[in-house]
Each structure stands twice: as structure tokens, then as C-alpha cells.
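Comments concern the structure below.
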């Protein structure tokens, strides 16, 4: 899945779970959700992925720190980058894993905000339609998961696009330890030129069970991975293209994004809430054409 944003003097954000596709030209057809900024015009949110394990593998500990940071930043919402329920998604809308891995884990007051979610490959191994069902919103009103949609804040337009169905290997490869951790090399092959053409500033994804920041060496695009919401490991990093690699962490954690009209700040946190890496830009934001 993926998310793209593009609007006026707003930062352009793109979240993806796997590989990107040419979804830019159809963005006007996607369902839109308006989410206002704070009274000062700023926007802040948390990004977490690969989490749903009924609190195990430090999911509960990550959730606790998310609650603490969420309160500190007065977040507007939370973004989930996919692989929401392990190991095989949900079986139905009545699957108890929904409440056991989501409602009963993310209990902090600051996390009682809208969650904008996309599906991951593990979610497709179960009943993907169950996660998309509006019935889940009756169980927990925070939950919103669609294949592709837009979140518009006025400051930023974020477009979520589901790309998992286009990657056959994600349905058949069950060997988690062989995940592709080669970061920017594979992303550049698929989407770098597409992102540049559409003035995208950030590309955010999960799937890889780590925290990572890569700067494109040929453009201002920042590639950000937040896929460490529970079980995390180093994976196979042989052949990793380290060009532009600014940060890599193979433990559990999450990410925060803070935006205003002139600045963006990205912060990665570990399972104890310690800041591992931060990055800020104050460049002139893209104008839409």
C-alpha cells in the first residue's frame, strides 16, 4: 500500500508498504477524508507498522511509549503502515484478534485519535475484506482501513495506496527472515522517478521490521521506514545499498512526524521512548502545479 500527499504549499508525503505504482494520476478519484490541523496550523502524527501480536514481542511496550510521545506532541492522528494483524490477518469482522491486538493494546488517552491504516502482506493472508469492513469501526471508532484513500489537512494531502496485490511474492513467501532489507536500491528501481516527477518529499513504509532513514542521493526525497511495532530483527542486509543511508535500527520502535507551513521534523524512537534519530528540514515546500 502507499500514501501520497500533494497540496498547495504543503509537504508531499508518501507512505507505502511494498512497491509504488503509478497511482498519482487517479488520486482525484479516491475517497477523501478531511482532518484539520491544530489551532496554530501545525500537524503531528505517529507512524507505526508491523504490530498486531496481541501485545507480544514488545508491542505493548511500544504502544506505551507511543502514548507518552503522542501526549507530548498532542498528535492529530496515527498512521499504520500495514501488517496490522499477525500472522495471517483477521479471519472475519468477529475475530477477537482485532480487539486483542488493537483496542486493548493502544489504550493511552493520546492514542484515542483516528487511526489511518493500510493493509500489509500478512493482512492479505487472512480475510482482507474484514479489515476494510465498516463493522470494525462500530467495535472501535478509531479504526479506518481502506485500500486507497486521501487524508487532507489543508497543510498536507496524504494519499494511501494499496500496492500489496501487485507483489505476488508477498502472498507466497512465508520465510520472514528472508525479507528484503536492501532499502533504497529496490525502491529506486520502482518509484524514484515517479516520486520526483510529482514533487514528493517523503516516502514512508513498513513491511521491513526495522526503523530506517535513507536520503535519495539524486533528489530531496526522504525514504522512511517504520515497521518495528512489535517483532523486529536485522534481516538479510547483505548487498544493502548504503548510498544515502542516514539511520538504521533493527529493534522495536516507531516514528513521529511534525509539520508546519515551513518546517518538517521526523523522529525515530525505540521501545523505551528514547530518541534514536531525528531529521529536520526548513526548505521551501513544493508548490502544486
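Glycine is treated like the rest: Cβ placed from N, Cα and C.
Among the candidates 40, 50, 162, 250, the residue that TrEMBL annotates alongside 83, 86, 209 as binding Fe cation 1 is 50. The Fe cation 2 site recorded in TrEMBL includes 83, 121, and the single candidate from 35, 64, 207 that the record places there is 207. Spacing of residue 86 (Fe cation 1 binding site) relative to residue 207 (Fe cation 2 binding site) is 12 Å (Cα to Cα, whole number).
It is 13 Å from the Cα atom of residue 209 (Fe cation 1 binding site) to that of residue 121 (Fe cation 2 binding site). Rounded to a whole number, the C-alpha distance linking residue 50 (Fe cation 1 binding site) with residue 121 (Fe cation 2 binding site) is 10 angstrom. A Cα-Cα distance of 7 Å separates residue 207 (Fe cation 2 binding site) from residue 83 (Fe cation 1 binding site).
This prediction places the mean pLDDT of the domain 'Calcineurin-like phosphoesterase' (44-210) at 84.
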